[in-house]
């Protein structure tokens with residue numbers, strides 16, 4: 001009954017419409033986004049004179065109320081459970097003409113067309129503001145992983161597999177001949193794109209081509225909304241490390257360093273002892289002249 005009354009109220013108010021402002025906003029999955037709906041003139045509003053609605057408009061379907069404020073209420077409300085605790089209106093903001101909706105923890109299901117409707121009860125009621133915001137939702141795909149065939153099949157056909165996960169919206173997948181950077185025929189690839197439990201897309205693309213020497217292909221995952229292309233070359237995946245082939249000087253152990261230090265000290269001690277003995281023998285064999293010697 002309450003829902004029917006709310007829809008009837010919206011239908012009644014829709015007779016007098018303000019100019020519609022239209023915007024597009026992009027948000028990343030898991031982030032917070034502010035859907036702005038601000039009265040163009042710097043006015044102060046009495047909350048008891050306002051009706052504010054945020055709803056989702058889907059062609060051919062009834063509107064879904066996301067959040068609302070009704071004159072006389074001390075707080076905002078929600079109708080759709082999907083937006084409970086996620087969509088918030090600011091009472092202080094509305095007093096200053098800011099009817100924006102703060103939407104937290106954005107999900108792929110939030111990629112909708114949101115409509116902000118503001119009415120003043122004292123004017124009829126009359127609609128004084130209408131803003132339509134298209135929310136585009138995006139998520140970065142993981143870096144593609146290309147699996148390399150260990151050996152060609154008997155008919156000398158090579159099969160490459162490219163996988164990428166957790167992206168949004170649905171991707172475009174291309175295979176590239178890295179020799180001349182030309183696109184390979186799409187008929188050579190078979191793509192499987194599926195939604196995972198998070199509502200994000202996973203993609204697996206299989207490419208089958210005839211064997212040729214020094215083959216090098218690249219897999220490209222394109223996210224159109226983010227203007228992003230992630231490309232991995234099969235030759236890059238086939239590169240092997242060269243560390244094992246490099247001869248490095250072994251690192252000296254602590255014990256080996258101590259032995260070397262003791263050897264140096266022993267040699268120095270021996271040198272000092274020899275010098276002292278030599279000086280003593282020289283003094284005993286070559287006595288100095290006394291003051292009584294005469295010419």
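Cβ coordinates are placed from backbone N, Cα and C, and glycine is handled just like the others.
Residues or ranges marked as domain 'Ig-like' in TrEMBL: 30-118 (among others). For the domain 'Ig-like' (30-118), the model's pLDDT averages out at 88.
Across the range of the domain 'Ig-like' (144-240), the DSSP-based residue counts are 8 helix, 53 strand, 36 coil. Taken from TrEMBL, the feature domain 'Ig-like' covers 144-240 (among others).
Among the features that TrEMBL reports, signal peptide is placed at 1-18.
As annotated by TrEMBL, transmembrane segment applies to 260-282.
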Notebook entry, point to check: For the domain 'Ig-like' (30-118), what does DSSP give as the number of helix, strand and coil residues?
Noted result: 14 helix, 31 strand, 44 coil
